Amino acid sequence: MLSRKQTSSVASHQQCDTYAWFSQRAWVEIDLGALSHNVQQLVQFLSPRTQLMAVVKADAYGHGAVTIAQTVLQSGASWLGVATVPEGIQLREAGIEAPILILGATHTPEQIHAIAHWKLQPTLCSPKQALIFSNVLEAINYGFPVPIHIKLDTGMSRLGTDWQQAAEFVQLVQRLPHLTIASIYSHLATADSLDPTVMQEQHRRFEQAIAQLKEIGIKIPCLHLANSAATLTDSALHYDIVRVGLAVYGLYPAAHLHTAIHLKPVLQLKARVTQVKTIAAGTGVSYSHKFIAPHELRLAVVGIGYADGVPRNLSQNMQVLIRGQRVPQIGTITMDQLMLDVSAIPDLQEGEIVTLLGEQGKEQISANDWAEQLNTISWEILCGFKHRLPRVAVI
Ligand SMILES: *Cc1c(COP(=O)(O)O)cnc(C)c1O
């Protein structure tokens, strides 16, 4: 018997016993064994000098931040990365003590108070932001220097100070009271591309910024540059920490990176058949009757829809797995339900499990398959599952 517990903050109040779990109409299943495996693979792949930061922003890419954070730390990750202050607080409130880097921008006194109080580590992107931090910490007479991380823009054109101003910015921060520089980092825009040109230019700029700092006698204790794709691409990009999101969750950032290490998808999306019926030839199915049965067929209703995060644009363009077989979805996907043509499984029972993403027998449907179909990326698919779906951990 598998051991199961609910992991999402939303679901946790309906304490999960076996019956509660079986009565779910739809859920996200989180394989903690696969998660541990991925973290161990990554740690083995890195040199002992490089630490693994598991990026658990956006509720751990939709997997449930607290359970994911606890498991990755037990499996060999030593840092956590989040996007916002509340995401960091959620982990601290759960008793997690590992260093937490906030990757996003923070400016307000409320955010700065919370960062100091919860011992979170902010990213500093501009001289203006550094001054605000120092002033706010001065005003509350905060007794300890707050470790901050300097973000350089080497070509992503997102957060960060221009790499050519690195020395000036670092010197300013060094002069400010209440701040101590824990690392300098940058973020790559094209690490998943087959063409390394832009990534190499960003790498060169990062190196040049560090060299300029060295020239004026500033040695920074910790440097980092790599996301999942860069981590799997080139060990010259690893430095002291790698910031890995997608690969921790068992997905490859690009097809050509499959060879580096072996990853297992952590997330499966499942729902139950809620009704089975036979419909006659010519019968319309779902809103707008976009599907008209070409012949008599067995139809199954499934209790999951776009309000759970199954994209409506997949209507009539997706398959699911039942009893290890691929089954086509028919008609428009509705808010809470969708329909299948299950003629190939005439004895299908109500209550049976449908796998929308995941593995059954030899068949597998991955977030990448959906992403390709929808002309997007697997990151967006993972982040799309709503809190209405309980996260159920399977060990
Ligand atoms: C989200 C994020 C990452 C992780 O990216 P993946 O491609 O999911 O590995 C790393 N660094 C920064 C700054 C990020 O915002």
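Note that Cβ sites are derived from N, Cα and C of the backbone, with glycine treated the same way.
A helical conformation is recorded for K57 (active site, proton acceptor) in the three-state DSSP classification. When other Cβ atoms within 10 Å of the Cβ of K57 (active site, proton acceptor) are tallied across all protein chains shown, the result is 19. What TrEMBL records for K57 (among others) is active site, proton acceptor.
With a 10 A radius on its CB, Y287 (active site, proton acceptor) counts 13 other CB atoms from all the protein chains. Under the DSSP three-state reduction, Y287 (active site, proton acceptor) is assigned to helix. Residues or ranges marked as active site, proton acceptor by TrEMBL: Y287 (among others).
Other C-beta atoms found within 10 angstroms of the C-beta of R158 (substrate binding site) number 11, with every protein chain shown included. As annotated by TrEMBL, substrate binding site applies to R158, M335.
Feature annotation from TrEMBL assigns domain 'Alanine racemase C-terminal' to 266-394. Averaged over the domain 'Alanine racemase C-terminal' (266-394), the predicted model has a pLDDT of 97.
Taken from TrEMBL, the feature N6-(pyridoxal phosphate)lysine covers K57.
In sequence order, G305, Y306, A307 constitute the residues six or more apart from M335 (substrate binding site) in its chain with CB-CB distances below 8 Å. When the Cα atoms are compared, Y287 (active site, proton acceptor) and R158 (substrate binding site) turn out to be 41 Å apart. Here the CA atom of R158 (substrate binding site) lies 17 Å from the CA atom of K57 (active site, proton acceptor).
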